[in-house]
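As recorded in TrEMBL:
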REGION    1-24  region 'Disordered'
REPEAT    31-70  repeat 'WD'
DOMAIN    33-367  domain 'WDR5-like beta-propeller'
REPEAT    92-133  repeat 'WD'
REPEAT    144-185  repeat 'WD'
REPEAT    186-227  repeat 'WD'
REPEAT    232-265  repeat 'WD'
């Protein structure tokens, strides 16, 4: 069961910086590596305050890798990449083409991968630890077949056995994890679907597409509750990602015009009668570079003094925006100028992960000093 996080009131004016402002994020002295570009990154959800941090990455090399970070490893930080040590991963192999997305189940037991080979796969990673090679570690438990084109996105329901996927065949599918069967297909968009995500209670799904739209769907009925479009200047610009806020009241959408927008929701559902602001864009974050690739954006709200919107960028940096003021609080530079598409934030710790593309191919980790 997912934990509901109290989100900040984004309509409040931000306070002026004070001497008690949080310390900046710094680079941790270890990293992960893939053989080709890193397309996605996701931290495992926290369960019972478990101490080991688990992070999964997907790559164009056709593998997913899991990196285990012990608590003691988070105590030492330094910005000197030349002394960074490489972590030993658990590597999941089986897809015949590159992996576009990775997703954790709420229990941490399973990892789903979405691939250009038109399939998703389900892996049991519950008993594996740092570099483990137990029987079955490199084999998928279930292979989900049914999409007619690249599978670009995957996300688990936080409260049920449903797995959602988005594909370049323009559909969103819902799968029963236990049986591997497709239980529902939504004719979601007119162009490739780039992102799918559940809200905190599993009642809604948001999807994004190259058709320039983000949509919110009722999981139980398959009804489209709302279609989100940008202002006229960005109409038709591909939407590369969507992400619900932890409490489901807001939605981030990232578009290939270098903008991340924050939309107002009502408990994961939309209401145009109660307020004209429902479903309207509240804030726009636009200092990063994004015109060519679909990249991830996310929230970090674990520190009330530093509520962030985090975005990758094609200039090789990770941008940390102040959620309320929209100003850039910090940029993280650890990928030698190579585009950063994969970013993620831990749900309980001030810990950020990022993955570089073809020239860099490293996974970097950042924590608050």
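Any Cβ shown, glycine's included, is placed from N, Cα and C.
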The repeat 'WD' (92-133) - residue tally per DSSP class, helix then strand then coil: 0 helix, 20 strand, 22 coil
Helix-strand-coil residue split for the repeat 'WD' (186-227), DSSP-based: 0 helix, 22 strand, 20 coil
Mean of pLDDT values spanning the repeat 'WD' (232-265): 89
DSSP residue counts for the repeat 'WD' (232-265), split into helix, strand and coil: 3 helix, 18 strand, 13 coil
Non-local residues, at least 6 beyond the ends, that sit with Cβ under 8 Å of the repeat 'WD' (232-265): 4-7, 10, 191, 194-201, 204, 206-214, 216, 277-286, 288-299, 301, 309, 311, 321, 323, 347
Contacting positions for the repeat 'WD' (31-70) when only residues 6+ beyond its ends and CB under 8 Å are counted: 2-3, 81, 84-87, 89-93, 95-104, 106-108, 111, 113-115, 123, 125, 128-130, 296, 341-349, 351, 353-358, 361-365
